[in-house]
Amino acid sequence: MIAVVPVLPTWLDLGATAIFALSGALMAARLRQTLVTATFFAVVTGVGGGTIRDLMLDAPVFWLRDPWIAPMALATALLAWFTPRQWWERQILEWLDAAGLAMFSVLGTAKALSYGVAPVPAMVLGIISGCAGGIVRDMVAGVPSIIMRPELYVTAAALSAGLTATFAWAGLPNLAAWTIAAGAGFGLRLAAIVWNIKLPGYSRGKE
Amino acid sequence: MIAVVPVLPTWLDLGATAIFALSGALMAARLRQTLVTATFFAVVTGVGGGTIRDLMLDAPVFWLRDPWIAPMALATALLAWFTPRQWWERQILEWLDAAGLAMFSVLGTAKALSYGVAPVPAMVLGIISGCAGGIVRDMVAGVPSIIMRPELYVTAAALSAGLTATFAWAGLPNLAAWTIAAGAGFGLRLAAIVWNIKLPGYSRGKE
Amino acid sequence: MIAVVPVLPTWLDLGATAIFALSGALMAARLRQTLVTATFFAVVTGVGGGTIRDLMLDAPVFWLRDPWIAPMALATALLAWFTPRQWWERQILEWLDAAGLAMFSVLGTAKALSYGVAPVPAMVLGIISGCAGGIVRDMVAGVPSIIMRPELYVTAAALSAGLTATFAWAGLPNLAAWTIAAGAGFGLRLAAIVWNIKLPGYSRGKE
């Protein structure tokens, strides 16, 4: 937890960005937007969470440093556009979103810890950067935010972020810790989608 | 107005964050969300305005520095969740919002002045950081933004920010100046809610 | 493309901000908001794109440095408010938006290049800062985002950003390059509005 900067291998950011970018491009396609707008959606969804994370940590914004991330997000939009529709059936947008959510929750927490942030705010930053991609995508698209869905969403991000902080405290090697933490959050979100798992909603009063 | 950094006592940020956090948690409860989502709302509403302020001033983001602010926002969500519904009657969300609005408008202006920003942009930054908490909360929730309500809202923030800048220019001691400025904005917003005070809306043309 | 900072003459940011600010004030007027709220809209629309650009580049936020930009945005709101309604007929908001879009797309790309960002991410940053003003305005107002309109929008921003990067690579003098790049994007967007030019929307599958 010493401030060794940077600790995150670039390909992790690259992978998480690609996954969210694909979900953004698919959202634009569903809304019958053009290829250029789909590309814009891919980019802002892909880089949204990581950008907010880096701004808050006063770290260099990852996709302005790394010359490959922006082209990769553009390529993702082309992939979504020119491949057969049946590759992208209804739920795949949500699965991709789940994967991006888990990965950015882990990455955000780990990067914050590596910048010397205390565990609780580091987890919160992880959760925010995990959820931000989907929030930005849905806001720009004008559709209801995915985080308001009844199936566990923020909870899955919190699981990934919490495990990342716990494993760092316990001294686990990074790659193993991150894989387990991301897998747990991703698995929980998938299970929530498939079996329609919900936490109880607020139910006091009648209003 | 010399750049003595930091000038703001931590407990002011802590208090303003708690108040907005509570309004965020109550909003989530009204929308029948889960405890985890309510916590997320508490955090993003609580820290939203101050985060935008700190990013723009290139100051360290307050809740990543201070290890108590994030846990406090979490505790606020628990408070909203586990206390009797009748504690949180209809208008209390708006009153809390009014208090957070006034406090962050003062804090944003004062912090900008302490960073050497000129008075007019400092006031504007104060108004933006005052309004941002409510805007973020309402956007993520997908409800119409509170700043579009007919009763004075941005006007109250502008009163608090303007008084803060004026008092700083006049050389008043900080704590007195901030108390009066926050009280004035809070009072104006409350009065606007209670007596339904509105400025005239734009009324040229017919469109 | 050497990191000479700053390269952008202040009056360019001032002009682009004024144009977007006017579009924000007109939007508030259409929504029958008050003068104070219209001023708030003018400010956040005017400075939104440039602020996001400066935050991402870790540059000082332009309107906190330059003491004239915030007062100018306020003056713009007064101009929109107190002038005859017929000056601001239906399409002028879209024309102003088009001009701000093109100017901030050029400025964002040019500033990113001057900070040593690679061409593709610099273009992306230009497009984002061009589109951000309109996105912020429409989100705060709660109206559908202008970037979702069928007539070319992101495409016009991409044309301006792409030309800026190409001309910089070709070594054209800045002012000529920027004028042509902004003119091309503005012209394309205007043509798209007037002749209702659209790219084909996504049309695979049936859903």
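Every residue gets a Cβ built from N, Cα and C, even glycine.
Annotated features in TrEMBL:
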- C:11-83: domain 'Glycine transporter' (DOMAIN)
- C:95-167: domain 'Glycine transporter' (DOMAIN)
- C:6-28: transmembrane segment (TRANSMEM)
- C:35-56: transmembrane segment (TRANSMEM)
- C:120-140: transmembrane segment (TRANSMEM)
- C:152-170: transmembrane segment (TRANSMEM)
- C:176-197: transmembrane segment (TRANSMEM)
Mean per-residue pLDDT in the domain 'Glycine transporter' (C:11-83) works out to 88
What DSSP reports for the domain 'Glycine transporter' (C:11-83) is 61 helix, 1 strand, 11 coil
Spatial neighbours of the transmembrane segment (C:6-28) not adjacent in sequence (6+ beyond its ends, CB under 8 Å) are 37-50, 59, 62-63, 66, 68-69, 72-73, 76-77, 79-81, 88, 92-93, 96-97, 99-100, 103-104, 107, 110-111, 114, 133-134, 137-138, 141, 143, 174, 178
For the domain 'Glycine transporter' (C:95-167), the DSSP residue counts stand at 60 helix, 1 strand, 12 coil
Long-range CB partners for the transmembrane segment (C:35-56) (under 8 A, at least six residues beyond its ends), listed in sequence order, are 13, 16-18, 20-25, 27-29, 62-63, 69-70, 73-74, 76-78, 80-81, 100, 104, 107-108, 111-112, 125, 128-137, 140-141
